[in-house]
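Quick look at what Swiss-Prot annotates:
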- 1-21: coiled coil (COILED)
- 207-227: coiled coil (COILED)
- S236: active site, acyl-ester intermediate (ACT_SITE)
- S236: active site, charge relay system (ACT_SITE)
- D302: active site, charge relay system (ACT_SITE)
- H339: active site, charge relay system (ACT_SITE)
Amino acid sequence: MKRKKKEEEEEKLIVTREFAKRWRDLSGQNHWKGMLQPLDQDLREYIIHYGEMAQAGYDTFNINTESQFAGASIYSRKDFFAKVGLEIAHPYTKYKVTKFIYATSDIHVPESFLLFPISREGWSKESNWMGYVAVTDDQGTALLGRRDIVVSWRGSVQPLEWVEDFEFGLVNAIKIFGERNDQVQIHQGWYSIYMSQDERSPFTKTNARDQVLREVGRLLEKYKDEEVSITICGHSLGAALATLSATDIVANGYNRPKSRPDKSCPVTAFVFASPRVGDSDFRKLFSGLEDIRVLRTRNLPDVIPIYPPIGYSEVGDEFPIDTRKSPYMKSPGNLATFHCLEGYLHGVAGTQGTNKADLFRLDVERAIGLVNKSVDGLKDECMVPGKWRVLKNKGMAQQDDGSWELVDHEIDDNEDLDF
């Protein structure tokens, strides 16, 4: 009975949307012209769809430094989306995670970027879980109108700490974009996480870039006879990596199957709270590419999107929201509530515009309690505890002999899965 009711609810949600018919427009074929102000209803839910896939990176990331698995994924790829709450009432999240992404850095970066366990027995002293690659199953492909390959980059744990503490230098990106674009410069932190490798770690013997390109290439080859899209998503640090990754894929032709170099697929990045990525030459390179679109959702009171302030250029199309208009959120807000991804998705769900006269109205059925997942941003009358997302008993589980142990990691060999 419950399963039948669930299926009926999903069917009801599906018939109100036209993702399959409109996916090219929703993915920015025409740079979202006429779709942002006022916000197209299908696009509203489409943005939330990919925002939730970025949020999954936070929900599975182990931030407990007392755990030997700090910096790893709590969940394995099997049933991944069910475990992060994206199965029930999420009819379009019909994806399978095919690969986990790991990263390291050959320069010092803040703990909010890479987090390591205190224990000497920690799973890794060099690498962090940095995201995943997923692809629609056959049902998801039918619902979304094409085979969708998703690359989701994890964001920073405590992003506000690095605004003042991190040196925002630019470095040459010739190793990514080649001698043709030897003037392009990228933020040193984003570049290091994207390009660094460490032979000591089994997780980052190849850098994050090559891990992604290999898996995307494998999936493109597998589905070369189908209509395919590549969608990349991320928040904060993850947004910067998503922008860099999307540009890399298109600039170097990695959006084409090796056996079908004549067949390119569109690449769209949905990024939230994105800091700036590169200089004016990076923007020039980006602007000259045909198959790429980036939609930057920006909460107006959030300070992160204006960093770094000097020497950088923004790319893509901006979609402004203002969560200060929400009648559910505390006023005044603070840096954390303005920046958190769940706050952003709440803003997307209710935005009617950012002008003074524009109101806020939730046009999708999205629980307001999600805002408080990692912050304390809702008004007290909403009756939702702040920072409520924690593992049951903080991961402590009773064993058969009556003892208690920290169980906060599912083993995953990360070998290629063929769904």
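For all residues, glycine too, the Cβ spot is worked out from N, Cα and C.
Counting other CB atoms no more than 10 Å from each candidate's CB, the active-site residues S236, D302, H339 peak at S236.
Straight-line distance linking the Cα atoms of S236 (active site, acyl-ester intermediate) and D302 (active site, charge relay system), rounded to a whole number, equals 11 Å. In the three-state DSSP scheme, H339 (active site, charge relay system) is classed as helix. Spacing of D302 (active site, charge relay system) relative to H339 (active site, charge relay system) is 5 Å (Cα to Cα, whole number).
The average pLDDT for the coiled coil (207-227) in the predicted structure is 98.
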